[in-house]
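> I am attaching a structure below and will ask some questions about it afterwards.
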Amino acid sequence: MPKYRSATTTHGRNMAGARALWRATGMTDADFGKPIIAVVNSFTQFVPGHVHLRDLGKLVAEQIEAAGGVAKEFNTIAVDDGIAMGHGGMLYSLPSRELIADSVEYMVNAHCADAMVCISNCDKITPGMLMASLRLNIPVIFVSGGPMEAGKTKLSDQIIKLDLVDAMIQGADPKVSDSQSAQVERSACPTCGSCSGMFTANSMNCLTEALGLSQPGNGSLLATHADRKQLFLNAGKRIVELTKRYYEQDDESALPRNIASKAAFENAMTLDIAMGGSTNTVLHLLAAAQEAEIDFTMSDIDKLSRKVPQLCKVAPSTQKYHMEDVHRAGGVIGILGELDRAGLLNRDVKNVLGLTLPQTLEQYDIVVTQDDAVKNMFRAGPAGIRTTQAFSQDCRWDTLDDDRSNGCIRSLEHAYSKDGGLAVLYGNFAENGCIVKTAGVDDSILKFTGPAKVYESQDDAVEAILGGKVVAGDVVVIRYEGPKGGPGMQEMLYPTSFLKSMGLGKACALITDGRFSGGTSGLSIGHVSPEAASGGSIGLIEDGDLIAIDIPNRGIQLQVSDAELAARREAQEARGDKAWTPKKRERQVSFALRAYASLATSADKGAVRDKSKLGG
């Protein structure tokens with residue numbers, strides 16, 4: 001029988017000092033036999049996805065206390081990728097994932113907490129907390145802040161839905177008037193919550209459902225809707241049950257590594273491919289799997305991508321649907337239901353509610369459930385009122401979207417595409433693979449060949465695109481922007497958005513060892529591995545080289561002979577200390593970022609730290 005971790009600090013005369021300090025936080029004699037549960041919050045006023053979380057930790061804590069536990073809240077940092085985008089701030093985004101994971105480990109282990117409720121939401125916060133949860137392997141439940149309502153505005157006498165990416169594209173389009181650009185900017189992000197499309201934050205919060213670590217509805221129920229409050233109340237109650245099951249009944253099925261098993265990781269990636277999730281999820285699932293000591297690699301993702309169809313299409317891949325529409329169609333469980341009926345899921349998995357996948361689908365899939373309360377929850381919709389307050393409205397759709405032929409979520413027979421929304425490509429400068437969000441690629445450019453235009457920083461590429469130096473047919477190559485080379489593996493949302501604003505969204509390709517925002521669409525290929533800074537062949541590409549992209553056959557090829565590439569590699573190595581570095585780039589890199597770069601691995605490893613360099 002495992003002993004409560006917290007007993008280390010609450011039992012025995014030699015812990016009198018620790019108990020004295022616990023008393024100063026409000027604990028009493030009656031609390032010293034109870035489980036201590038960390039409420040891991042991520043409230044900040046910097047990020048719309050987190051601005052409403054201030055009081056939600058208290059909400060969870062009250063339920064923990066009522067259920068017989070002791071709740072202790074602490075906060076992590078949270079970087080807003082959209083605000084950090086397009087300048088030096090983006091260098092810090094991916095490294096913040098490791099800091100978040102480490103900070104959770106530090107707090108939980110330093111104070112011997114028994115379990116956690118993780119209140120996350122945006123791009124690196126959910127992955128960081130997920131990595132920490134699987135590293136620590138103590139009972140955990142995730143409950144995120146929820147998606148933002150889609151923006152709406154009237155253009156050309158038509159009401160259209162908007163999000164952050166629309167504001168960026170309009171702002172950079174010289175053909176758009178100042179007044180229209182300002183109108184879109186003011187309408188794009190109307191409420192608190194994670195940006196309204198299937199971007200990285202919402203993708204990851206959906207994946208926690210498929211991993212079994214959060215409750216049904218977590219990924220899609222709007223931040224502003226009153227129904228979302230119940231997820232927080234349930235999390236507080238349920239975590240005490242899970243904790244007691246493990247520590248008092250020796251039930252290891254309550255632990256995250258036994259819930260988020262390899263089978264669950266395969267289900268999560270299957271969901272990701274089917275819903276056309278952000279390419280960043282590949283990085284984060286690979287990183288989380290390593291923390292869980294699960295053998296889940298790019299090879300597994302490649303195999304899944306070849307057999308899983310695209311059953312859901314959401315912004316940025318279409319303007320028609322946003323997360324509020326996914327929820328109305330049954331949310332994550334709705335997609336999982338269709339995947340299960342297609343025979344594409346591992347069924348022998350459980351979630352934090354203790355339900356198997358078939359039990360979860362029976363109760364929560366709107367196509368089959370007889371539970372009116374569940375159907376009512378999935379009718380939760382937007383209010384269209386600007387707010388930063390959680391649970392501030394209770395509007396409902398008149399009907400559910402259960403049309404699996406033409407609705408937001410489709411059945412296998414009516415899939416948007418027989419190929420899934422993500423694909424792994426391999427070739428002579430991506431020997432370890434690269435990732436493309438096929439959900440956002442127009443059919444006309446699934447096969448594309450063009451001359452390379454090579455840039456050694458995102459800034460240079462942006463300048464060239466806006467300066468008209470990139471033309472239809474070009475393949476833009478941005479290198480030395482990987483985890484080590486950036487450092488920090490910047491997102492390339494500005495270059496892809498500016499290609500669209502210049503009318504080149506369906507006429508050019510962009511390839512990088514960096515990564516893309518979940519808001520990216522178009523022929524955007526990232527995570528090229530190995531990265532240039534690690535000696536990857538992307539560092540050997542020269543202006544004018546022809547690059548052939550073949551998504552249907554999962555290929556990407558630099559049309560240069562092996563002999564020529566060998567000669568270029570020899571010349572690169574001859575640069576000595578300057579080898580595999582940009583020839584010219586002005587960039588201030590802090591000590592903190594250099595420390596991150598010194599341990600960073602390429603994207604095919606999840607951009608995690610190289611433990612071998614530390615002897616572990």
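Backbone N, Cα and C atoms are what each Cβ position is placed from, and that goes for glycine too.
Computed from a predicted structure; not experimentally measured.
So Swiss-Prot lists these for the protein:
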ACT_SITE  S517  active site, proton acceptor
BINDING   D81, D123, K124, E491  Mg(2+) binding site
BINDING   C122, C195  [2Fe-2S] cluster binding site
MOD_RES   K124  N6-carboxylysine
> For K124 (Mg(2+) binding site) and the residue listed as 'active site, proton acceptor', what Cα-Cα distance in Å is obtained after rounding to a whole number?
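Distance between the two Cα atoms comes out at 12 Å.
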> Roughly how many Å separate the Cα of D81 (Mg(2+) binding site) from that of C195 ([2Fe-2S] cluster binding site), to the nearest whole number?
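A Cα-Cα distance of 11 Å.
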> If you measure C-alpha to C-alpha, which of C122, D123, C195 (binding-site residues) come within 10 angstroms of S517 (active site, proton acceptor)?
D123
> At 10 angstroms around each C-beta, which of the binding-site residues D81, D123, C195 has the fewest other C-beta atoms nearby?
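D81, out of the binding-site residues D81, D123, C195, has the fewest neighbouring Cβ atoms within 10 Å.
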> Calculate the distance in Å between the alpha carbons (Cα) of E491 (Mg(2+) binding site) and C195 ([2Fe-2S] cluster binding site), and round it to a whole number.
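Answer for this pair: 16 Å between alpha carbons.
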> For E491 (Mg(2+) binding site), list the number of other Cβ atoms lying within 10 Å of its Cβ atom.
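By my count, 32.
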> How many other Cβ atoms are found within 10 Å of the Cβ atom of K124 (Mg(2+) binding site), counting all protein chains shown?
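The Cβ of K124 (Mg(2+) binding site) has 30 Cβ neighbours within 10 Å.
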> For the recorded Mg(2+) site, whose residues are D81, D123, K124, E491, find every other residue on that chain with a C-beta no more than 8 angstroms from the centre of their C-beta atoms, and list them by sequence position.
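Output for this site, in sequence order: V79, A84, S93, L94, C122, T200, A201, N280, S517.
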> For C122 ([2Fe-2S] cluster binding site), what is the secondary structure by DSSP, using just helix, strand and coil?
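It is coil.
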> Relative to the Cβ of C122 ([2Fe-2S] cluster binding site), which residues of the same chain, six or more apart in sequence, are found under 8 Å away?
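Set apart from C122 ([2Fe-2S] cluster binding site) by at least 6 residues yet with Cβ under 8 Å, we have S42, V47, G49, H50, A78, V79, D80, D81, S194, T200, A201.
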> According to DSSP, which of helix, strand or coil covers D81 (Mg(2+) binding site)?
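Once the DSSP labels are grouped into three classes, D81 (Mg(2+) binding site) ends up as helix.
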> If you draw a 10 Å sphere around the Cβ of S517 (active site, proton acceptor), how many other Cβ atoms fall inside it, taking every protein chain shown into account?
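S517 (active site, proton acceptor): 31 neighbouring Cβ atoms within 10 Å.
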